[in-house]
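Q: Below are the features I grabbed from Swiss-Prot:
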type     : residues : note
DISULFID : 3-14     : disulfide bond
DOMAIN   : 10-129   : domain 'C-type lectin'
DISULFID : 31-128   : disulfide bond
DISULFID : 103-120  : disulfide bond
């Protein structure tokens with residue numbers, strides 16, 4: 001299979017960017033509904049991260065700040081990927097986290113090159129990932 005039209009094709013995976021703003025769980029459900037095996041994106045290398053940041057940045061022209069959900073969430077004080085993949089790479093500032101902010105976003109103010117944690121009920125744009 002090829003990637004759906006308008007999605008990024010990068011090293012055997014497809015990435016779809018959606019600007020509808022949804023809470024994290026609804027964004028994950030949306031990804032799953034689009035294609036079998038799709039989830040909010042997991043990011044495992046700096047190359048993958050840069051490719052995603054560049055892809056999302058094409059849609060941004062200095063408009064209002066719009067952080068983007070990825071598939072990273074905090075469960076029992078451990079960060080994990082919703083697709084079950086192992087966490088090999090992080091762009092989170094691992095210092096200390098305000099309570100109640102258990103889901104991760106690509107931070108728009110960094111050009112999507114750093115991650116931040118946000119309240120999972122906040123509404124953000126999101127990026128889905130599936131295998132090509």
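Cβ from N, Cα, C; glycine included.
For each listed feature, how buried is it and what is near it?
A: Listed in sequence order, 3, 4, 7, 8, 129, 130, 131, 132 are the same-chain residues at least 6 apart in sequence whose CB falls under 8 Å from the CB of residue 14 (disulfide bond). The secondary structure of residue 14 (disulfide bond), as reduced to three states from DSSP, is extended strand.
DSSP assigns residue 128 (disulfide bond) to a strand. Residue 128 (disulfide bond) is surrounded by 26 other CB atoms, counting those within 10 A of its CB over all protein chains shown.
Close to residue 103 (disulfide bond) in the fold, though at least 6 residues off in sequence, lie 24, 69, 72, 73, 74, 117, 118, 119, 120, 122, each with a CB less than 8 Å from its CB.
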Q: If you count, for each of the disulfide-bonded residues 3, 31, the other Cβ atoms lying within 10 Å of its Cβ, which residue has the minimum?
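A: With the disulfide-bonded residues 3, 31, fewest surrounding Cβ atoms within 10 Å: 3.
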Q: So how many other Cβ atoms are close to residue 120 (disulfide bond), meaning within 10 Å of its Cβ?
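A: Result for residue 120 (disulfide bond): 20 other Cβ atoms within 10 Å.
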